[in-house]
Amino acid sequence: MFIRELISPCSNLLNAMLGCGITLFPEAFQTYGLIPSVGFIILSSILSILCLNLYITVNSRIGKSSTISTIALYIYPPLKLVADITIILQCLSCCLAYITLIKTQTAYILTLCNFKIGVWLPLYVFIIFVIFFSSLGKLDKLKFLSIMSVSSIIIVVIISAAILTIKREGSLPLMDIQPSLLGRVGTFIFAFTCHPAVLDVQNELNHQPLFFFQVVIVLVNIIGALIFIFFGIINSYIYDFSGGKEWLLVIENNALGIITRILVLIIVTPSIPLQMMIAIKCFVNLLNNNFAKSFTFRLFLSFISLTTIYIMSLTNIRFSNVIDLIGASVTIVVCFILPSLYYMLMDKKKKDIFNSIIAPLLIIIGVSITGMTIKSKYF
């Protein structure tokens with residue numbers, strides 16, 4: 001029974017975490033080497049566990065079914081506006097990255113299959129699909145999409161392992177430290193992002209004790225880290241990523257490549273309504289009226305948000321650059337700074353020694369990551 005109850009929260013959080021971040025690691029492994037890549041993945045996973053633990057601990061100890069933004073109402077109300085705006089920016093930025101990926105891969109698939117309908121019609125159909133699911137009220141309603149997405153990730157990894165037996169064009173250095181590595185820290189941090197979703201999962205299963213959710217976040221991060229490492233190592237040996245090419249740009253243009261790209265679309269697709277649902281909840285929190293909570297209004301917000309994102313995706317924006325920017329900016333605020341501030345400002349009687357030490361350290365680490373990324377990218 002305990003294992004069965006883990007399936008829904010783990011699949012939703014794994015979907016939120018893995019998303020399309022998995023596609024960025026093969027190039028990183030080949031560029032920087034095995035030791036730095038594995039080291040950053042493990043470090044990012046540990047930091048993610050610590051940050052998620054702060055969120056679920058605060059939510060549990062204040063005794064409320066809160067979101068990341070409404071926690072502020074019980075601890076320090078002025079932080080609510082900061083939380084709402086930051087989460088909205090993070091979720092919409094993630095959707096921009098995902099839709100950019102979907103647009104380019106849909107174009108590849110249609111070209112390879114020799115279809116003449118163009119990329120726009122499938123995108124329109126896709127956006128209508130996302131608008132509907134984004135307007136749903138609970139993450140649990142997305143669990144079947146999430147399970148399908150996670151299953152597709154496993155299939156993509158298996159396909160890569162099969163290709164490795166017949167093709168080896170790349171290499172995996174043990175260590176190749178480069179100055180650009182600091183600018184890519186955001187990619188590793190972004191890959192373990194599922195923070196806005198964790199409280200929704202906790203609230204929907206509020207009959208479960210805190211320990212249950214601690215098991216969930218540890219399990220999700222371990223599985224995620226192992227998938228990232230395994231996938232990165234395999235594809236480093238299969239393909240040549242010289243020139244900083246992304247994984248999706250070097251996979252074969254044959255039937256297997258088409259299947260892989262379709263599976264990637266299946267992986268990414270459920271992440272968009274998941275991110276949109278969280279962003280819409282924050283919009284509703286900002287407006288704070290009964291009409292804003294209606295399905296009609298959520299549908300309207302989904303339409304406006306996705307239309308704006310779709311227009312932005314028409315520019316020549318690069319997927320990996322969006323990920324680096326998100327990982328080093330709004331993700332740092334949501335994943336490091338907000339949970340730490342919430343815990344530090346919480347009633348002293350509800351604190352413990354371990355998290356009291358961890359919280360300020362996470363703020364320092366988060367600010368340092370942002371500083372390193374900015375310095376590497378722009379100076």
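Each residue, glycine too, has its Cβ placed from N, Cα and C.
According to TrEMBL, the protein has these features:
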- 12-373: domain 'Amino acid transporter transmembrane' (DOMAIN)
- 12-29: transmembrane segment (TRANSMEM)
- 35-58: transmembrane segment (TRANSMEM)
- 79-101: transmembrane segment (TRANSMEM)
- 107-132: transmembrane segment (TRANSMEM)
- 144-166: transmembrane segment (TRANSMEM)
- 181-199: transmembrane segment (TRANSMEM)
- 211-238: transmembrane segment (TRANSMEM)
- 258-283: transmembrane segment (TRANSMEM)
- 295-313: transmembrane segment (TRANSMEM)
- 325-345: transmembrane segment (TRANSMEM)
- 357-374: transmembrane segment (TRANSMEM)
> What same-chain residues lie close to the transmembrane segment (211-238): Cβ under 8 Å, and 6 or more beyond its ends?
Replying inline: 5-6, 9-10, 13-14, 17-18, 21-22, 25-26, 28-30, 34, 37-38, 41-42, 45-46, 48-49, 52-53, 56, 60, 153, 156-157, 160-161, 163-164, 167-172, 191-192, 194, 198, 201-202, 205, 247
>> Using a cut-off of under 8 Å between C-beta atoms, tell me which stretch among 144-166, 258-283, 357-374 contacts the transmembrane segment (325-345) the most.
In response: 357-374
>> Is the transmembrane segment (35-58) in contact with the transmembrane segment (144-166), using at least 3 Cβ pairs under 8 Å (sequence separation of 6 or more) as the test?
In response: no
> When you check the transmembrane segment (12-29) against the transmembrane segment (258-283), do you get at least 3 Cβ pairs under 8 Å, counting only pairs 6 or more apart in sequence?
Replying inline: yes
